[in-house]
Amino acid sequence: ANKPAMYVLFLLFQILGAVILGFGIWILADKTSFIAVLQMSSPSLKTGAYILIGVGALTMLMGFLGCVGAVNEIRCLLGLYFTCLMIILITQVAAGLVIYFQKETLKEELSHIVKDLIENYNPLNEDKKNLQEVWDYVQTQITCCGWTGAKDWEDNEIIINKSMTEYPCSCSNRTEDLEEGRGFCRLDDPVNSTATYTDWPVHAQGCMDGVEQWLKDNLGVILGVCTGVAVIELLGMILSISLCKNIHSEDYTKVPKS
């Protein structure tokens with residue numbers, strides 16, 4: 001009686017596995033969003049992406065094993081399916097707790113990564129060109145400047161050498177600067193040939209606040225997806241136990257009476 005529901009669940013697991021797998025690949029392949037800044041600078045996010053790919057592939061494999069187990073009434077496959085589900089669910093809860101309790105450490109790590117990127121930003125540096133272009137993209141899209149604010153850019157070596165008379169084009173609130181989109185733009189009429197970040201025509205908001213706001217705006221969606229995944233996994237565990245019991249009881253009825 002539970003088999004049709006089990007098949008639907010296995011189909012869901014195939015889709016779920018593909019989504020997780022795709023998300024992991026996207027983190028590694030993406031070069032045009034804030035994720036790319038983290039991915040290219042933070043080993044922990046790269047490791048996380050490989051874990052996601054592994055979990056996605058395992059989820060799809062489990063869907064297949066569970067389906068074979070249900071069709072052929074193989075108890076050991078259903079047992080394996082249940083065990084894998086339980087391990088993944090425990091891992092997800094553990095990962096969630098680690099992220100929650102380590103969020104300040106992660107924020108600190110990210111702060112160092114971005115500030116180092118800003119200090120050494122050089123449009124002529126080909127080695128870091130991709131990473132710098134991604135950071136320009138982030139500043140343009142979130143309409144922010146620096147990590148805590150535009151003052152962060154006062155630590156940039158090129159801007160210091162130019163006596164603060166240049167500023168990052170991607171921070172600018174002027175359309176003509178945004179057409180350039182990367183590198184440095186020059187102030188029109190610097191006073192005494194020197195300036196400070198307050199003289200630049202740039203956005204006041206730091207990108208840290210912009211990213212936090214994005215997370216707050218999308219928190220409901222993120223939590224909803226995580227809860228949905230956990231519910232599907234729990235249903236899979238309950239149904240696999242139920243099917244195991246059914247197969248077990250059928251085994252006893254098939255034993256010939258003496």
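Glycine is no exception: its Cβ is also placed from the backbone N, Cα and C atoms.
The model shown is predicted, which means the values in this text are computed figures rather than measured ones.
What TrEMBL records for 7-29 (among others) is transmembrane segment.
Annotation source TrEMBL lists transmembrane segment at 49-71 (among others).
Residues of the same chain lying 6 or more positions beyond the ends of the transmembrane segment (78-101) and with a Cβ under 8 Å from any Cβ of it are 55, 58-59, 62, 65-66, 69-70, 226, 229-230, 233-234, 236-237, 240-241, 243-244, 247. Marked as transmembrane segment by TrEMBL: 78-101 (among others).
Under the heading transmembrane segment, TrEMBL lists 221-244 (among others).
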Against which stretches of its own chain does the transmembrane segment (7-29) lie, if we need a Cβ under 8 Å and a gap of at least six residues from its ends?
35, 39, 45-46, 48-64, 66-67, 70, 229, 232, 235-236, 239
